[in-house]
């Protein structure tokens, strides 16, 4: 629904045709498939993190399988090697998905990663840890195309009125896969299947998903063979600044990517900073809090699968809560401009974790404090899910045509923060049992969260940017006017996300 205008026209004169799509349509099926694709991808991403405990300690799993004498240095190489490849393919992944179609980039990304997972146990036994490091780096290369390709895909399939909802539900698949993997890996490794099954099972599921995806998915509504004309019209005319006569036409050839205009766009640069700040805080929480709790509070949660999965499970639940809140405001007719909605949910997703981090800075040893620390950690990670309705979807707001490329750029930069944050923590905390040093880490991370969201609030925009579309030729009309450049028009604010 568009506010501040006539029932059928926004202030630019573009009609919103078919402003209600089917309650459950092809677009929802596509998003469900992406949900499970991300679940598989993340299960393949975290499986080594939990399997490595069983691989290096026969007493922690089925003793009938090989055990490896890997020291902490070797383990760090194994666990970090994934990100070596992951950051490299972020920008190419978004660019290629826009050219060749997100369907195929997601297909090959998950399929190759799944096949490599099936090879991991064999390589570990026969090739040693160096071969596994190379294998994980290649897996990272393959997975690097998944996130930007998903954004490209959603930019084609998610109508503006449902954008935040569909993006939120879809990306919660990453938490779902993490929860499942962390929760069941310990039991699988201790069963008769042994630790190799933590690679075989998600690998086989990924291969099955890949071919189901190839059969049921299309990169755009125009390419899907079973979508109804009404649903296609609803998706293509929603929030895209098209005239009524444009809805349903085949897409025009994609213009060259305006790299210079993208990298000099203030709203996009602020989006990069928001994404970097978010990743700095999120990965500081997930990688360093277990060490803090073990050395300061005397509780080891890293090797406790269900407890490690708790923040991710809470994140899934709160994603649904935030989407429900957005939909409730919409249904009640509350006038919420799109820009306010994005910044409101982004504030919840970054400043609530900031407050939890400040609270963690004052936690001291004690059984009651351990429970409080777990609660604060869970709250910090779970409330971060509100950013799915904030900066995470802002790439599509700024440029539906280049959303995957934008996500590739911001996710590449943000993942460098994921690597840098633990290194900075290592410089600050040289005595892991000293609460005062950890307090500095928590306060600094809270400050990063604060600044990242503050910049997004001040300078973030939801208007489609002028560089989103190829400039149109202005054709003089009989009245002396010219045809408007559709890529530069502002949008009427939308209710909800």
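Placed from the backbone N, Cα and C atoms, the Cβ positions cover glycine too.
Automated prediction, rather than curation, is the source of TrEMBL annotations.
Predicted, not measured: the structure shown is a model, and the values here were computed from it.
Taking TrEMBL as the reference, the stretch among 76-98, 467-489 described by the feature transmembrane segment is residues 76-98. It is 259-286 that, among the stretches 133-154, 199-216, 259-286, 306-325, forms the most Cβ pairs under 8 Å with the transmembrane segment (345-364). Between the transmembrane segment (105-127) and the stretches 199-216, 259-286, 370-391, 412-430, it is 199-216 that has the most C-beta pairs under 8 angstroms. The stretch in closest packing with the transmembrane segment (166-187), judged by the count of Cβ pairs under 8 Å and taken from 32-56, 76-98, 306-325, 370-391, 436-460, is 32-56.
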